[in-house]
Amino acid sequence: MDDTKKRIHKYIEKHDLIRSDDKLLVAVSGGPDSFALLHFLWSANLVPKEAIAVAHLNHHLRENAEKEQLAVQTFCEERDIPFFIEEVDVKKRAEKLQKGIEETARIVRYDFFEKVMAENNINKLVLAHHADDQIETILMRLVRGSSSIGWSGIQPKREVRGGYAIRPFLPITKAEIIEYATKHALPYEIDESNTSQEYTRNRYRTQLLPFLSKENPAVYEHFKRFSEETSEDFQFLEELASNLLKKNLIQNGKQSTLLLSDFKNEANPLQRRAIHLLLMYLYNDDGRVITVNHIYQIIQMIQSENPSSSIDLPKKLTVIRSYNELHFQFGERHAPPEFYHQLELNDRIELDNKASIRLKLKSSVVQTNGLNGMLLDAEDITLPLIVRNRVNGDRMTMKGQAGSKKLKDIFIDAKIPRQERDNLPVITDYTGKILWVPGVKKSAYDREFSRSKKQYIIRYTRNIGGNESMHNDIQKVLISEDELQEKIRELGRELTAEYEGRNPLVVGVLKGATPFMTDLLKRIDTYLEMDFMDVSSYGNGTVSSGEVKIIKDLNASVEGRDVLIIEDIIDSGRTLSYLVDLIKYRKAKSVKLVTLLDKPAGRNVAIEADYVGFVVPNEFVVGYGLDYAERYRNLPYIGILKPEIYSE
């Protein structure tokens, strides 16, 4: 075996590119690189010959395209190699897609390859990129200003639909490939466009590469090592960045929101890598769209003292900084819709944000529900009321303050995101006096209840969630889905060891523990029985009522049984304390408690779990079974609910 073949075999083994049970689809254009690749694979016995197939796409871009197609077809027919040929007029397709010819050619090429792989149960696409391509790619990316991940160049293996694209020729040069193809008399065609100085890559190939090779003949090996070491570094950093995104990224349809409270405290290299990873996801792994400048612009937004800013990126991606959130969304920016409603006594109006506003005459002692209800003295205002957008120059008279304050400054003080301010309802009386911005601020016209005065009450009701995503109501992802499952696997192992051979009765506490219990039981590898109780002291609020009620009792007897209680969270502890005492009273042999979450700061009674998943801070947490007003149970993670949601 000559040195060239040895290096190829060593490279394949090092990067685990080809296994004996793989099925290979070799992309053959008709040039020396791909013909040499096909011949090498055909003769190397890495896989059975019947596991090799060929794909050729005729782009109809070159004069010798028909000769190339015929050469590929003839070569395959002579050796009984299955081949797939497709013809596409790339110029017409590019006009239709409104993309460049090179980008369009790449799209149709990979669509064709992946289609053939899927239809023929092929798991590896083999491409003929070589060491010259590697150097050209790295240099082009550095000069163009690509993000640092691009510095590692062409990777030996990457995922495609249905399998992997592999590049076993990366360790050898173009000259070695030509020598191989000539030695074996392969019928390749030379692409006449390869000498045109019109293309950037050709200028690098004909001008820079000869210079570098002359300066140091070992340049190919040096760039290969640079690529591999850089790739290893970035893979390590990417794993850290991926975990960082899992904790701080909320995805909602067309919008992705990065929570900045913790993210902005991470080291700059990790922030940059996470932003690059997110952009790669948003751009469907098309790294050519992303430059270093894009990433640095976003990092500057994150680190800026300005809480509200935005930038526009390629392909209509807008990045919006809104205090401690960074929103990524595709599409044109639209001006917010203007609205103007008159609100008569006993009327109710529905707003586009799925909220409603009602005006009634006060009839009894009224509590105005925080920021979402308001009492007005009839003598202070003129009906009908007006509900509208804000306008330039809006000012509100404030309680306990002389003069008035700009609405813009009120929004800034309340940290209302800039993109949301134009959508907030502003309530005035008929003369134009601003009375209230629901959920934000009340004016000096807000009154206490009076039996002697005629008063009106305005109610602002928000339909929590509405058509919007529930993810938008989350202030911070506290525990990611992956972290939950990792902890559940750990608890499952501990409980398997604890209860092996004891056939415990596992009691799930409805409703919150259901997702946790479902996943946990899959990880307990021993015989058990399960039952459920619904014992509550909450209701629809955020604070325990203190009264414990049995809504659903057990069907099974606990007498003489080892009982394991599964709960979603221990907060005040009243419910669980009552339940443990009850089961002990019913003569259970043993009672142990496993809880996903423990909130020690909320404890009112002395109770501790035997097994704890996570200790959480004294915040209102929802998701993965935990709710507020019966919502958010189906979130796949544990998140902290925004205070404005449960203070409404």
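Backbone N, Cα and C atoms are what each Cβ position is placed from, and that goes for glycine too.
Swiss-Prot lists S29, G30, G31, P32, D33, S34 with the feature ATP binding site, giving sequence analysis as the kind of evidence. Residues annotated as Mg(2+) binding site in Swiss-Prot, with similarity to another entry given as evidence: D627.
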| Where the residue listed as 'Mg(2+) binding site' and P32 (ATP binding site) are concerned, what is their Cα separation in Å, rounded? | 63
| Can you name the residues of this chain that are 6 or more positions from S34 (ATP binding site) yet have a C-beta less than 8 Å from its C-beta? | V26, A27, V28, A128
| query | When you tally the Cβ atoms that lie within 10 Å of each candidate's Cβ, which of the binding-site residues (G30, G31, P32) has the highest tally? | reply | G30
| field | Cβ-Cβ distance under 8 Å to S29 (ATP binding site), same chain, at least six residues away | value | H56, L57, E68, A128, D191
| request: Count the Cβ atoms, other than its own, that fall within 10 Å of the Cβ of D33 (ATP binding site), considering every protein chain shown. | output: 25
| task | Provide the number of Cβ atoms within 10 Å of the Cβ of D627 (Mg(2+) binding site), excluding the reference atom itself. | result | 18
| query | For the ATP site given as S29, G30, G31, P32, D33, S34, which other residues of the same chain have their Cβ within 8 Å of the site's Cβ centre? | reply | V28, F35, A36, E68, A128, Y188, E189, D191
